Amino acid sequence: MDKLPLIKDRYQVIRHLGSGGFGETFLAEDTQMPSGRRCVVKRLKPIADNSQIYQLVQERFQREAAILEELGGHHRQIPTLYGYFRDDDHFYLVQEYIEGETLSGYLQHQGRLSESTVREILVSLLLVLEYVHSKKIVHRDIKPDNIILRSGSLEPVLLDFGAVKETMGTVVTEGGHATRSVVVGTPGFMPSEQAGGRPVYSSDLYALGLTAIYALTGKIPDELESDPMTGIVLWRPYASGVTPTFASILDRAIQPHAPHRFPIARQMWEALTQQSPSQAAIPATAVSDSQNTLVVSPTAVSQPPAIAPTPVPASAGMSDWAKAALTGAVMGVVLIGGLVLYQPNGNSPPEPEDSQPEATTTDSHDAGESPGNYDVNEDRTTSEVIATETAASMPESRAVPESRAVPTADSSQGAVNPPTPRTFRPSAVTRVEEQYRLVSHRQYQEAWSRLHENFRGNRSIFTNGYNSYADWWDTVSHAEAQNPQVIEQTDDRAVVNTQVRLQMRTGEMVYEPREITLLWNQEAEAWMISQTRLLN
Ligand SMILES: Nc1ncnc2c1ncn2[C@@H]1O[C@H](COP(=O)(O)OP(=O)(O)OP(=O)(O)O)[C@@H](O)[C@H]1O
């Protein structure tokens, strides 16, 4: 057998992971680390082959790598960037290897996922997206293949940010100007404004919504019909058991027109965690052109086919999906004429009618410029986007293992029962983070209801029950659980240590190291805080 290559005299290739539009990806061992840790090496090659372009690509690549470094360095659901370099005519990224399985791979053998599992994944990824968007980055290629569920915990991790790939598409126009020549994204998962080169934050929510729909139905967007008048994807008949509120949230996420979607990740996260029908509803402005297909109650869906929660059949969905994945790999970066985006006079194309109203220029050099249209000669990164509302930092989310059963094969269809899959038990860490978020948002009643009943009944702490709890939190203007970590964990009990940061209404800042004990409530399917203790 041929010896596998050693890249840059350092990264010993273990196996080839995949090939995409701009290069190849390898699993490798870092021979210069004592542990010989595993890493993912991405080798990219610019599409234009000349030295002028290479210089430009190098500059952009460096900027985008710096962004990846920041993102991965601050969020555990984004791979850490270990290194980047250029070697001859290739550019390399070396990233943390995420041990696990892509969401699409997971579905192939576990079957379609339950609503609660999909909801958990969404809630978790929305926190990641809010973090990403707070850095003014639009991911641009969210899809089941770019989400890895970590082995053991099934925590979703977001891969493959589009901007680096985009740098590989740098070309020089006839007029001598460098510009992008590609739109990054995957057909079907990519909304129209992104296909037109103008992604906004809610473009990621659109892709995430369709990813969730894939997880619920086993169908990729190309396998679903759309309403010919409105362009709305008609998925509900394939997920008849989904609750109306959850379905409405997904419908809002996948609206073809960006202004009709949730504008930012936080809003979708709030709709999911509170599941208030009013938050899920598409804004009134959307109803006029889509009222026949939106926010459909289950009874309004005509004769949904009875679909048992079977695994995605290997003979149909899997091969289709494999085909689609292959297409995605080829089409992941859609080539467009550089001149389409490049405006020699410096003007941008007109705002599309469906661009987000919130997305007004704050940091671009040109008032009309969109994130998808820039000139490389300007000193800004390809992935900066425009927004008036910077997403506030939201906590990272982590998931832990659990062993509740979800879909089994329908024996009436002759399918074999798959092994009992694990589903998500929300992580104790996420629970702790949420608790501080709730009190920060003054949702005291909600926060109180998530304390264990024994804790709530402790009159030595809460002398006046809920009122003393709410009164105390009213003295705090902002609370945050920093760096929470699970110290102990069994199926039913978890202990999390965290540094609590409290900004008091008086202006004083308080930092409290705390140990928080949580008990699993099977009925509520939630972690309840049963005790907190100040650490020395
Ligand atoms: N950090 C990572 N940890 C573990 N697996 C990874 C990581 N990054 C990529 N992979 C896996 O490697 C394979 C190839 O991924 P990659 O995204 O680089 O290429 P692609 O999807 O084939 O092409 P494209 O870059 O055009 O999307 C995929 O199966 C992906 O899940």
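Sequential numbering from 1, following the chain as shown.
Cβ atoms are placed via backbone N, Cα and C, with glycine included.
Here's what TrEMBL has on this protein:
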- 11-273: domain 'Protein kinase' (DOMAIN)
- LYS42: ATP binding site (BINDING)
- 344-425: region 'Disordered' (REGION)
Enumerate same-chain residues with a sequence separation of six or more from LYS42 (ATP binding site) and a Cβ-Cβ distance below 8 A; give 'none' if the list is empty. GLY23, GLU24, THR25, PHE26, TYR92, LEU93, VAL94, GLN95
Three states by DSSP: which one describes LYS42 (ATP binding site)? strand
The average per-residue pLDDT within the domain 'Protein kinase' (11-273) comes out at 93
